[in-house]
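A.B. asks: Attaching a single structure in structure tokens format; questions to follow.
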Amino acid sequence: MKTWKVKKTYSRGYALGPARIIEKKEIRTVYDKITGDNITAEIKRFDEAVEEGCRELMELSGKSEIFAAHAALASDIALREGVENKIKDKLMCAEEALLETSGEFVFIFESMEDEYMRERAADMKDVCERLLTILSGENENPFEGIEEKSIIIARELTPSDTAKMNLKLVAGFVMELGGATSHVSIMAKNLGIPCLTGAEGVLKGVKDKDFIIMDAGAGEIFAEPSKDLIEEYEEKAGKWREEEKRLRESAGLPSLTKDGIRFELCANAGNPEEVRGAAEYEIDGIGLFRSEFLYMGSDHFPTEEEQFFAYKEAACLLKDKELTIRTLDIGGDKELKYWQLPKEENPFLGYRAIRICLKEPDIFKPQLRAILRAGAFGNVRIMYPMITSVEEIREANKILEQCKKELEEEGIPYKKDIQTGIMIETPAAVMIAEELAKEADFFSIGTNDLTQYFLAADRGNEKVAEIYNSYHPSVLRAIAATIRAAHKQGIKAGMCGEFASDEKAAVLLLGMGLDEFSMSAGEISRVKSRLRETDYKEAKETADNILSKGSVTEVINCLI
Ligand code: PEP
Ligand code: MG
């Protein structure tokens, strides 16, 4: 038996079955030169291939949003220009000019630090492959001939590849390349197919039709396993499939409790690609867009234009669903390579988030302007992090008003009535929640920080991990008080900290009256299914009872 272990996994579940090795035909890289007489015809051939490619992609866009993005890449002006110049100046044929120009794009994307941008390289390769196939007139399907449910093993799979396969015959995916946000990972997650990426060396060790077991949660792959191991995993896989079936059954159903109370489910995201992945789930919107990832993934402060582009893309993907963009939350454990913050004794208690933004209008204003402008394209809201006082909201809103005035004078469209909410993640904010609720349009409770500040236990320190517990009565009472204060002032209270995705906590939070639950997209169906099975009145009684308890142990014993 051969085994492999993948370091990082983004998937769950088990698959057992024969391996199908997918080897794609190498793209031909040696081409004949053209003559000066053929230039116009060659450019025309390229334009026609793009037209045909876009037509195919728009047809596929019903299957996944990614294909609409591919159509935009295929018809990109810079790509067209690069190809045209190479045909004209270097007398390259359309194929060679395309291969070289797209190679330049891929090189730029791959050399970027940001994982999201790096994975755009895969999109560019996919678009290039599609156009080359059209130009060559060949149309081979590497998945032809698969007749039984198999585990697909490949170096890398593009969205166009996955569009060609019969997914009913796919038990699992194992790929040597790719990461959490690669298209196959997202698609597999949505379809409940176990998927492992980064499985280096698998292609060398596995032969077509070898029997494979994959444990996606543990990141393990076994080739040619023993009978006993097969039996053990068949049992695990059976249980997992039953649980998945139960979750999927509730996926298309309304977000209502057993007694008909509506709850909102949103996703957390860090970039437009994650928004795209989340948009494929049934969500009410994005409850937390962590804008700092745009900053951390760049080698300079993202300009207003760069941010506008990213926020607008996210807003358009969501159509009329809400997109809550949290303003820059750096400091603490989040650093920027290109902007050295002063060394601090206690960075989590220091210069971070809104504190930086209020002191640095040159950083804050381009972001606010970009968000306001993106607001003209969708249902965008602003959220300020790490608020501890009424003055901070007023100050931030004052800067926001200045930005609106500037945009008005410049004649640039923006969202005039944009909502501004705040994160409740400090004890100070909890204690003055009623006053804050008069200044804010909504609350979102950040239990990741709230827990560390309430319990004086660093969220990233293993040594105090046992103390850091959001079920601590102090944290639960803080959450309940925040929700009460919000409702008293007629605004909604959501939660975007990890606690919202804990199924048992979600029942408790529902009972406390939480309006919106925001979490990683992959957790939503689990929480939804649990809340749909819950009776609101019962959850409320349990919450009231739990809020009277004085220790974590007592709280845990009362959970339903
Ligand atoms: C939180 O603190 O709960 C939160 C959602 O923000 P972050 O984890 O990004 O600090
Ligand atoms: Mg936080």
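Cβ atoms here come from the backbone N, Cα and C positions, even for glycine.
So TrEMBL lists these for the protein:
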- 10-120: domain 'Phosphotransferase system enzyme I N-terminal' (DOMAIN)
- 146-219: domain 'PEP-utilising enzyme mobile' (DOMAIN)
- His183: active site, tele-phosphohistidine intermediate (ACT_SITE)
- 247-535: domain 'PEP-utilising enzyme C-terminal' (DOMAIN)
- Arg290, Arg326, Asn448, Asp449, Arg459: phosphoenolpyruvate binding site (BINDING)
- Glu425, Asp449: Mg(2+) binding site (BINDING)
- Cys496: active site, proton donor (ACT_SITE)
A.B. asks: Go through the recorded positions His183, Arg326, Arg459 and pull out the ones with a Cβ less than 6 angstroms from some atom of ligand 1.
C.D. replies: none
A.B. asks: Using CB under 6 Å from any atom of ligand 2, narrow the recorded positions His183, Arg326, Glu425 to the ones that qualify.
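C.D. replies: What lies within reach of ligand 2, judged by Cβ under 6 Å, is Glu425.
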A.B. asks: Fill in the CA-CA distance, the residue listed as 'active site, proton donor' to Arg459 (phosphoenolpyruvate binding site), as an integer in Å.
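C.D. replies: Taking the Cα atoms only, the residue listed as 'active site, proton donor' lies 16 Å from Arg459 (phosphoenolpyruvate binding site).
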A.B. asks: With every protein chain in view, what's the tally of Cβ atoms within 10 Å of the Cβ of Asp449 (phosphoenolpyruvate binding site), excluding that atom itself?
C.D. replies: 22
A.B. asks: Roughly how many angstrom lie between the C-alpha atoms of His183 (active site, tele-phosphohistidine intermediate) and Arg326 (phosphoenolpyruvate binding site)?
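C.D. replies: That separation, Cα to Cα, works out to 25 Å.
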A.B. asks: For the domain 'Phosphotransferase system enzyme I N-terminal' (10-120), what's the model's average pLDDT?
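C.D. replies: For the domain 'Phosphotransferase system enzyme I N-terminal' (10-120), the model's average pLDDT rounds to 87.
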A.B. asks: Near the Cβ of Arg290 (phosphoenolpyruvate binding site), how many other Cβ atoms are there if near means within 10 Å?
C.D. replies: 21
A.B. asks: Once the chains shown are all counted, how many other Cβ atoms turn up within 10 Å of the Cβ of Arg459 (phosphoenolpyruvate binding site)?
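C.D. replies: Its Cβ has 19 other Cβ atoms within 10 Å.
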A.B. asks: Want to know which binding-site residues, from Arg290, Arg326, Asp449, Arg459, are within 10 Å of Glu425 (Mg(2+) binding site) at Cα; which are they?
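C.D. replies: Among Arg290, Arg326, Asp449, Arg459, the ones whose Cα sits within 10 Å of that of Glu425 (Mg(2+) binding site) are Asp449.
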A.B. asks: Across the domain 'Phosphotransferase system enzyme I N-terminal' (10-120), what are the DSSP residue counts per state (helix, strand, coil)?
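C.D. replies: In the domain 'Phosphotransferase system enzyme I N-terminal' (10-120), the DSSP-based counts are 71 helix, 9 strand, 31 coil.
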A.B. asks: By DSSP assignment, list the helix, strand and coil residue numbers for the domain 'PEP-utilising enzyme mobile' (146-219), in that order.
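C.D. replies: Going by DSSP assignments, the domain 'PEP-utilising enzyme mobile' (146-219) contains 22 helix, 18 strand, 34 coil.
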